[in-house]
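What follows is a single structure, written as structure tokens, with notes after it.
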Amino acid sequence: MERAEAYGFSAAWSGALLLSCLLFAAISHRQRGPYMDEAFHVPQAQAYCQGRLLQWDPMITTLPGLYLLSVGVVKPVAWLLGWTGHVVCSVGMLRFINLLLAAGNFCLLYLLLLKIHGKNKAVSGFQRILSTLTLAMFPTLYFFTFLYYTDPGSVFFTLFAYLMCLYGNHKTSALLGFCGFMFRQTNIVWTVFCAGNVVAEELNKAWETELQKKKDEKISPRRGSSPNLIRILQFLIEYLISPKKLVALTALTWPYIMLVIMFFVFVFINGGIVVGDRSSHEACLHFPQLFYFLSFTVFFSFPHLLTRTRIRKFFLSLQKHPVQYSLIAVISLFLIWKFTYVHKYLLADNRHYTFYVWRKIFQRHELVKYVLVPVYMFAGWSVVDTLQSKSIFWILMYFVCLLAVTVPQKLLEFRYFILPFLVYRLNIPFPSLYRQLLELAFYIVVNAITFYIFLNKTFQWPNSDEIQRFMW
């Protein structure tokens, strides 16, 4: 890192932290008590603070990583500063843990951008810092920095594991993946993603060697056109059924394999992936979740994806491959018809934005969910098109993990999209400076509106005296 870039990063990090501290003070002043899921998380953390480690709220669905980390940070600090009484593990103190994790996420995002795009000399240090600031303020993640939720910690350990994976420290990566798993069980998918990075790199090397042997066949390992995809899949099958190559891959990825084995042991002993409240968190094949994620990605990446050039390129692709797109449309319509689920929480809880998205868009007419298929197709094509700088094996691996982390979820919840979005956004090429600034401005506006609504547009339910607030 050059000195000017180091100073720029320090200034951006300090400014973002100062802004977050001011917002933290405002939110903690207006919402002093636990809100929403904090009503479960805060008492559980306080029980751990008091040494009652065997006490467990059956409504909590995640493992105790958040509470163990909180106690591990708060208790030593309280002892050093001589704090006693209600201050220790208070709501404000517990929320502050997430503010620290958000500061860590800022650093991890920068280091990941530096590692992934460091060889691109066209990208300046200012652009890296700008993208870091933008992703750190990603609205869905940034909002939960100020509440005692698992999201900042889940993102922190997963991004840290990804960074260590890219640097080849696979044992450390697997250990950090375990920490991420302790925050949210579905993070095991991102452990598989880290292992998949290693496998994709080896496959790409083997594929390039294969191409050198067949110079007369001009098949690019970085372009996933339909004819080439068939040959690549054939190569993939031949590679993976080779015992010698499987042993070599196992030797490279064994820390991740051990963690995945531990996960399956946990699922077997626990009787499922969810720790508590299983009736409200049942796994299912909810394929439209993939479409929702793609639409979510286009919405928050519109400066990158909604350009004249890209839209024109999509229509040219439609004209060139009408049969393939027609088949994709038919499959999409079938998946929406047979596999659309509506969770009871989505229909009942009017505090979440998803409630209004569903009511204002999807519930307007029975046909709306089918009419949106062209939007989903453009979104899917755009996501794949922006990842063309990655190898075809990386793209396949990412989409396998994306399906694994979204499709089993019955509830439409924007928080579930945070990690797959960040992984996608970290790996696409840098746009022009103008589009980067537009993206940052858009995130700032969305955050400003979100926090204003949360703090000022309160309401009450008819059968409750509690103040309700709108949130992601």
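Backbone N, Cα and C atoms are what each Cβ position is placed from, and that goes for glycine too.
Note: TrEMBL annotation is automatic and uncurated.
Given the structure is predicted, the values throughout are model-derived calculations rather than measurements.
Residues or ranges marked as transmembrane segment in TrEMBL: 6-27 (among others). Within the same chain, residues 95-96, 99, 102-103, 106-107, 110, 125-126, 129, 132-133, 136-137, 145-147, 451, 454-455 sit at least 6 positions outside the transmembrane segment (6-27) and bring their C-beta atoms closer than 8 Å to a C-beta of that stretch.
Proximity of distant same-chain residues to the transmembrane segment (60-81), defined by a Cβ-Cβ separation under 8 Å and at least 6 residues beyond the stretch ends, is recorded for 40-41, 44-45, 48-49, 87-89, 93-94, 97, 100, 148, 150, 153, 157, 179-185, 274-278, 281. Residues annotated as transmembrane segment in TrEMBL: 60-81 (among others).
Proximity of distant same-chain residues to the transmembrane segment (93-114), defined by a Cβ-Cβ separation under 8 Å and at least 6 residues beyond the stretch ends, is recorded for 1, 9, 13, 16-17, 20-21, 24, 28, 41-42, 45-46, 66, 69-70, 73-74, 87, 128-129, 131-133, 135-136, 141-142, 144-149, 151-153, 155-156, 159-160, 162-163, 166, 422, 426. Summarising the annotation, TrEMBL assigns transmembrane segment to 93-114 (among others).
Residues or ranges marked as transmembrane segment by TrEMBL: 126-149 (among others).
The transmembrane segment annotation in TrEMBL covers 155-183 (among others). If one looks beyond the transmembrane segment (155-183) by at least 6 residues along the same chain, the residues whose Cβ comes under 8 Å of a Cβ in the stretch are 62-66, 68, 101, 104-105, 108-109, 111-112, 115-116, 141, 190-191, 193-194, 197-198, 252-253, 255-256, 258-259, 262-263, 418-419, 422-423.
The transmembrane segment feature in TrEMBL is assigned to 246-269 (among others).
The transmembrane segment feature in TrEMBL is assigned to 289-306 (among others).
Here the transmembrane segment (327-347) has Cβ contacts under 8 Å with residues 280, 284-288, 291, 354-355, 358, 369-370, 373-374, 376-377, 410-412 of the same chain, all six or more residues outside its ends. According to TrEMBL, the transmembrane segment annotation covers 327-347 (among others).
According to TrEMBL, the transmembrane segment annotation covers 367-384 (among others).
Per TrEMBL, transmembrane segment is recorded for 391-408 (among others).
According to TrEMBL, the feature transmembrane segment maps to 437-455 (among others).
Between the transmembrane segment (367-384) and the stretches 126-149, 246-269, 289-306, 391-408, 437-455, the greatest number of Cβ pairs separated by less than 8 Å involves 289-306.
Recorded stretches compared: 126-149, 246-269, 289-306, 391-408; the one with the most Cβ pairs under 8 Å to the transmembrane segment (437-455) is 126-149.
Note on the transmembrane segment (289-306): residues 138-139, 332, 336, 372, 375-376, 378-380, 382-383, 386, 402-403, 406-407, 409, 412, 414, 416-417, 420-421, 424-425, 428, 431, 435-436, 438-439, 442-443 of its chain, located 6 or more positions outside it, place their CB under 8 angstroms from a CB of the stretch.
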